[in-house]
Amino acid sequence: MWFIPKSHPEINNRVLLISMVLVAVALWLGNGYSVTLADGKTAYGVFSLLPIACVLGFALVSRRTLEPLFFGAMVGLMLINPNPKVLIESLMASSLKVMAGPVMGWILLLCVLMGGLIMWLQKSGATDAFSRLIGRVARTRSHSLIAAWLLGLLIFIDDYLSSLTVGATMRRLTDRLGVSRAMLSYVADATAAPVCLLVPISTWGIYLAGLLESNHVAEAGSGMAYYMQVIPYVLYAWVAILVVPLVAFDILKPGAAMRQAEARAAERRDQGLAEQAPVEESYGGRSHIMYFLLPIVVLVLGTWWFGDTLLGAMAAVLFTAALYRFLQLAGLPQLFNDFMEGMLSMVTPVAIIFAAFVLQDVNEQLGLAPWLIENVKPYLNAQWLPVITFVLLSALTFTTGSFWGIYAIAFPIIVPLAVALDANLPLTLGALISAGGFGSQACFFGDSTVLSARSCEITPMEHALTQWRYVWVSALIAAVLFALGGWLWG
């Protein structure tokens with residue numbers, strides 16, 4: 001992309017040095033500055049944007065993910081108190097708060113279980129057997145992407161489950177047909193959160209139904225029914241899902257970064273390198289499609305039965321271990337060793353998600369989201385409310401990596417505002433909910449993005465930059481639709 005500096009050490013060092021000086025000046029100007037919001041809480045005004053600007057700038061220059069997140073968190077904490085002793089104490093306090101929270105623990109355990117399960121499926125040859133089965137029907141590049149798209153639509157219960165499963169399952173087939181890992185990662189991400197938003201019984205649907213009840217949009221016990229009425233207005237999710245076939249059949253052309261990734265994948269196919277990649281079979285050289293289907297069925301049904309992806313993953317791990325041992329595919333020592341190998345492969349994604357959560361905690365201390373929303377409120381009317389809600393909250397979710405957190409902040413503000421302005425409430429709620437789906441797909445350090453990249457074995461930055469055009473085309477179409485809807489039904 002024209003606005004991203006070339007990855008040259010001297011250029012990067014010079015840009016980073018200049019950036020450090022600018023950050024130091026901004027910190028000096030912003031130290032001690034604060035504003036009081038309408039609810040009496042304190043925010044840091046325009047300076048609360050500084051950590052986000054640092055994260056985005058550092059990430060674009062370095063093409064890294066983990067380091068910019070911690071750097072942004074440090075900048076935010078320095079705004080609050082630049083004292084080195086207090087800075088270290090605050091960083092550790094935020095880190096411990098994140099680690100002690102149920103969300104980070106849930107993600108950590110889920111990634112451990114899914115990493116081990118995916119490794120078993122690979123080592124048993126199960127994923128290769130599934131790839132060969134799908135390959136009988138999906139014989140072209142476009143068909144393989146449509147197959148990945150359909151698989152993503154079927155795994156609608158949870159975005160983490162979808163992100164991890166689609167990439168790990170389909171990548172051998174797409175490699176063989178000359179599809180880049182970046183393209184597969186885009187499809188996996190586009191069918192994660194956007195699909196969950198359109199299914200009331202998904203983890204996203206259940207959470208949002210609860211918010212509808214707690215914010216008195218729906219009566220107690222009727223949140224799910226009301227959410228089903230809002231689903232037609234979650235326009236970004238619909239557009240993001242429908243754009244995938246356009247990409248698969250090359251109707252929507254890729255950007256420069258994706259073209260380069262596709263060219264490299266096609267070159268590997270033409271040279272026969274994809275075919276020569278070793279099949280990861282270590283369990284006696286036997287592979288069967290049932291070694292794949294049975295664990296995945298247990299995973300999906302277990303998630304549905306327990307109402308929790310973590311419990312579904314635990315059930316699938318126990319079932320798969322028992323199945324593979326009963327079939328004498330491998331001994332317990334080898335199964336445990338392979339599980340540990342899969343677990344270790346998830347260390348980097350978990351670290352990135354952890355750093356993103358620390359940054360979210362710092363942004364909450366700075367009062368970024370409430371300050372931004374409060375400053376935009378005076379300029380809203382019934383016609384413009386849906387599109388401005390979508391654009392503003394999309395910017396927040398993209399820059400903060402907080403999706404459900406932004407929902408929790410925005411619902412109590414946007415809902416009364418929509419009622420006071422007599423705006424179309426379902427359309428406005430659709431815009432609010434769509435913003436979370438956009439952020440989940442677009443944010444380079446968002447959990448779904450990180451896991452989609454991991455399942456396809458590419459970096460989060462490569463995934464984010466290569467899917468850039470598709471995501472922003474979807475967002476632009478959704479914004480236009482929200483604007484038209486606001487003027488027609490506002």
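Placement of Cβ uses the backbone N, Cα and C atoms for every residue, glycine included.
Here TrEMBL gives transmembrane segment for one range in the set 42-61, 62-81: that range is 42-61. Under the criterion of 3 or more C-beta pairs below 8 Å, with sequence separation of 6 or more, the transmembrane segment (103-122) and the transmembrane segment (289-305) qualify as touching. With a threshold of 8 Å between CB atoms, the same-chain residues lying at least 6 positions outside the transmembrane segment (289-305) that come near it are 117, 120-121, 124-127, 129-130, 133, 155, 157-158, 161, 165, 169, 201, 311-316, 319-320, 323-324, 327, 329. Long-range Cβ contacts of the transmembrane segment (230-252) within its own chain (Cβ-Cβ under 8 Å, at least 6 residues beyond either end) map to 142, 145-146, 149, 153, 183, 186-187, 190-191, 193-195, 197-198, 200, 212, 390, 426-427, 429-431, 433-435, 437-438, 441, 469-471, 473-475, 477-478, 481-482, 485.
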